[in-house]
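*Asks:* Just dropping this structure here.
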Amino acid sequence: MSLGYAQKLSYKEDVGTVGMPEIFDSPHALDSKIEELAVMILRSKHLVAFTGAGISTSSGIPDFRGPKGVWTLQQAGKGIPDASLPFHRAMPSLTHMALVELERAGVLKFVISQNVDSLHLRSGIPRKKLAELHGNSFMEVCSSCGKEYLRDFEIETIGLKETRRRCADNSCLAKLTDTVLDWEDALPAKEMDLAQNHCSAADLVLCLGTSLQITPACNFPFRCLKNGGRVVIVNLQSTPKDKKASLVIHGLVDKVMEAVMRILNYRIPPFVRIDFVHVSLSHSPRKKACVKWVLRIKSIHGPKATMPFLKSVEVAFPDRPDMKCALLQEQPFVLKRQTTQRKSFKILLTLNLSEGCGSSFSQIEWPVNFQVKKKSLSLDRDKVLNELKDLAERESCCGQEVLLERNVESRSEFTAHAIVTNIVRYAKIEEVPENDDLITSVNGGAFTLKRSCDDGDNSEKSAKRCK
């Protein structure tokens, strides 16, 4: 776990009960409750999810109050537990992706998160359908115009402090601040208003992986009760709000959501992570026989930003054995050379990916001809990224790269590239059979559910390299 995140999670005396024992429903009771939850979701017209740290433990991020939780260990005088991956490489859990599918299907209307790990946004929940009550460790916001910037690195400060970067809007250029609340900070008004409004409108609020102890957020789900709505709590520990809930399920949230999705006949999509790099080549005037040029590989987030997914860059010239290869190991990655103007050549960049990525490397080819000027190119970003995700999913591997943009000026060329760095699959069979033996008939308003005997593996991950 990173230093900034550890600071955010520091134990205080007034955090409520910690070290709470885990409770597991019996298999029979669990199956019955899961079926009841599936019926409630199916009947719901305005479903809201309210999530806590428990939905990210299977992503390698410790919770707060469990037997090995952050606050539990700190209260006992022990150190902060280690995460299984670098914080910036944590991947969405099965529960995150189940919520994405429910949102895409129009079932889930809104998500309220108490987490700062950015996994809801990374998983694919639209920003307009998400309230992050405690902020986002990977988000900066402009203090003037309010524009948000989602980063691939953890922001270095917490407590709504100024960071080292400025707004990219040339008409603004105000300083950016982090978005993670410290203990004395009030909930952000915009996020709080959205959360309260959706809870008031909800007919079902699904509380997942939260002990419901941090105020005022813990009271939001129960606003739905005034209009006849219901609350379901899925958590391994008891909560102070259990008596107000229509249904309390004690079980692993991933297992519960996996079973619910199977009953409802919804596929849990794989998660495909894409990271981005900027590559630039600038050169001296073409008037002389030799040209001095500078190659830079840098973050899309600006010159002061790091690329935590990149370990080093190898630069080769496959069609020019007379040109010496280079290994760049420090960010920003820069290579300076001088070559004859008349001879064209090809640059082959091998991007060596860091720990936590699903592939060891990716490659970018860059043809160079100083006597021919290229044309700028602007592509439909969303379309290109969706096609890249589909390709990665079909090939079941990481490392694919695609060009997003090329900007050509008189003495320089800039390109933006997208790279698939991880794929996580959550079931052996992702395509759910069409409404055969899973669910459901509606007879006079009564739902009939049928159990499936097929139990998929929910943790299969692909780290295979494309040839």
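Glycine residues also receive a Cβ, built from the backbone N, Cα and C atoms like all the rest.
OK, TrEMBL features for this one:
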type: DOMAIN; residues: 27-267; note: domain 'Deacetylase sirtuin-type'
type: ACT_SITE; residues: HIS134; note: active site, proton acceptor
type: BINDING; residues: CYS142, CYS145, CYS167, CYS172; note: Zn(2+) binding site
*Asks:* Rounded to the nearest angstrom, how far is the Cα of the residue listed as 'active site, proton acceptor' from the Cα of CYS167 (Zn(2+) binding site)?
*Replies:* 22
*Asks:* State the count of C-beta atoms found within 10 angstroms of the C-beta of CYS167 (Zn(2+) binding site), not counting that atom itself.
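*Replies:* Counting Cβ neighbours of CYS167 (Zn(2+) binding site) within 10 Å gives 20.
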*Asks:* Enumerate the residues of the same chain, CYS142, CYS145, CYS167, CYS172 excluded, that satisfy the criterion Cβ within 8 A of the mean position of the Cβ atoms of the recorded Zn(2+) site; list them in sequence order.
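*Replies:* Those within range, site residues removed, are SER143, SER144, GLY146, LYS147, ARG166, ALA168, ASP169, LEU173, ALA174, LEU176.
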*Asks:* Between the Cα atoms of CYS172 (Zn(2+) binding site) and the residue listed as 'active site, proton acceptor', find the distance and write it as a whole number of Å.
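*Replies:* On Cα coordinates alone, these residues lie 26 Å apart.
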*Asks:* Near CYS145 (Zn(2+) binding site), which residues of its own chain have a C-beta under 8 A away, given they sit six or more steps off in sequence?
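*Replies:* Correct list: CYS167, ASP169, CYS172, ALA174.
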*Asks:* Fill in the CA-CA distance, the residue listed as 'active site, proton acceptor' to CYS142 (Zn(2+) binding site), as an integer in Å.
*Replies:* 17
*Asks:* If you average pLDDT over the domain 'Deacetylase sirtuin-type' (27-267), what do you get?
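*Replies:* On average, pLDDT over the domain 'Deacetylase sirtuin-type' (27-267) sits at 90.
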